[in-house]
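Student: Under the heading domain 'ATP-grasp', Swiss-Prot lists 152-359. The ATP binding site annotation in Swiss-Prot covers 180-235 and is backed by sequence analysis. The Mg(2+) 1 binding site annotation in Swiss-Prot covers ASP314, GLU326, and the record cites sequence analysis as its basis. Swiss-Prot lists GLU326, ASN328 with the feature Mg(2+) 2 binding site, giving sequence analysis as the kind of evidence.
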Amino acid sequence: MNASQRVRVAVVFGGRSNEHAISCVSAGSILRNLDPRRFEVVAIGITPQGSWVLTDGDPAALAISDRQLPEVTSASGTELALPADPGRSGQLVSLPPGASEVLASVDVVFPVLHGPYGEDGTIQGLLELAGVPYVGAGVFASAAGMDKEFTKKLFAAEGLPIGDYAVLRPSQSTLSLQDRERLGLPVFVKPARGGSSIGVSRVSSWDELDAAVAAARDHDPKVIVEAAIAGRELECGVLEMPDGTVQASTVGEIRVAGVRGREDSFYDFATKYLDDTAELDVPAKVDDEIADAVRELAIRAFKAVDCQGLARVDFFLTETGPVLNEINTMPGFTTISMYPRMWAASGVDYPSLLATMVETALARGVGLR
């Protein structure tokens, strides 16, 4: 394939959420692994303030170095915009608007954005308006997958096994006595629309609840409180093929008990991205029957939220079987992320995995489907 036949892919990363840095790291890994013989890459960073900039796409600038997290700034490149006009065919134009110089045109967008203002249906809506195909879930599935309350409601409506939980809306300051008795201790307090374990607290005494809610509300006024589930942490990748069929990956396991010398440790932000202390088993050491059940549930969860493209589905393996925790419609793609690892263990290498995602996005197109 010559250069003129390559698919032009805009890799969009950074963004306004508190997962900005992890989005950058994921993008760096993707930029290293997109096959240059098949794809021409346009690297677009979004600053924490929301400005879009055309960058040089250097993966080294998007890595964690000495515990320092990467960030997109206005100095990272040339400021640009994507007009919400399907007649412009994926054109990226310079700013200010009066200049209107076309800096690049793209065939498909890979929105490597984690958290609100990206993974939650917002950029997906923009891309639909602009008429540009994109990798991953559509507007509805992205929004539903981002909000843990509605994810659980959709899972429950399909008869999928979930844990007990309660929701604190902005007008509610704490849990009722009835909710406390129902959930028991310990509980996990989380921003309802967040990821990467940012703002998550483990509460072992109700005296700790108010501080945990305040920590979660630093990131989201809506908070979810989940009953702790005793079990192993399993994950499974789901991938949609260009013909619309859906496949599930090898199952992986995250082992975090006792990390950093604490009995109450969990897979928090530092454990995931900074300390390198969690142990990741791919494939998970589980019976074939359990692995098959997890893969089946992962595909059912994918379909329950009307997902497209890809997802990572997280589980707890309890004494009575797997319980769904959540779905990630744009999982991490860092060098230590489980999603590409699970697919590699399934026989799909990183470049082939990315190529399938892009091909599926192009086959799906935009609009009602």
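Cβ atoms are placed via backbone N, Cα and C, with glycine included.
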Student: How far is it from ASN328 (Mg(2+) 2 binding site) to ARG180 (ATP binding site), counting Cα to Cα, in Å?
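Tutor: Counting only the Cα atoms, the answer is 28 Å.
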Student: Rounded to the nearest angstrom, how far is the Cα of GLU326 (Mg(2+) 1 binding site) from the Cα of GLY194 (ATP binding site)?
Tutor: 11
Student: Whole-number Å only: compute the distance from the Cα of VAL187 (ATP binding site) to the Cα of GLU326 (Mg(2+) 1 binding site).
Tutor: 16
Student: Give me the non-local Cβ neighbours of LYS222 (ATP binding site): same chain, 6+ apart in sequence, Cβ-Cβ under 8 Å, ordered along the sequence.
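Tutor: Within the chain, LYS222 (ATP binding site) has Cβ neighbours under 8 Å at ASP147, GLU149, VAL167, LEU168, ARG169, PRO170, PRO191, ALA192, ARG193.
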Student: Please compute the mean pLDDT of the model over the domain 'ATP-grasp' (152-359).
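Tutor: Within the domain 'ATP-grasp' (152-359), the model's average pLDDT equals 92.
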Student: Just going by other Cβ atoms within 10 Å, which of the binding-site residues VAL187, ILE229 has the emptiest spot?
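Tutor: Ranked by other Cβ atoms within 10 Å, the binding-site residues VAL187, ILE229 bottom out at ILE229.
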Student: Find the shortest Cα-Cα separation between ASP314 (Mg(2+) 1 binding site) and the binding-site residues ARG180, SER201, GLU208, and name the residue that gives it.
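Tutor: The answer is SER201.
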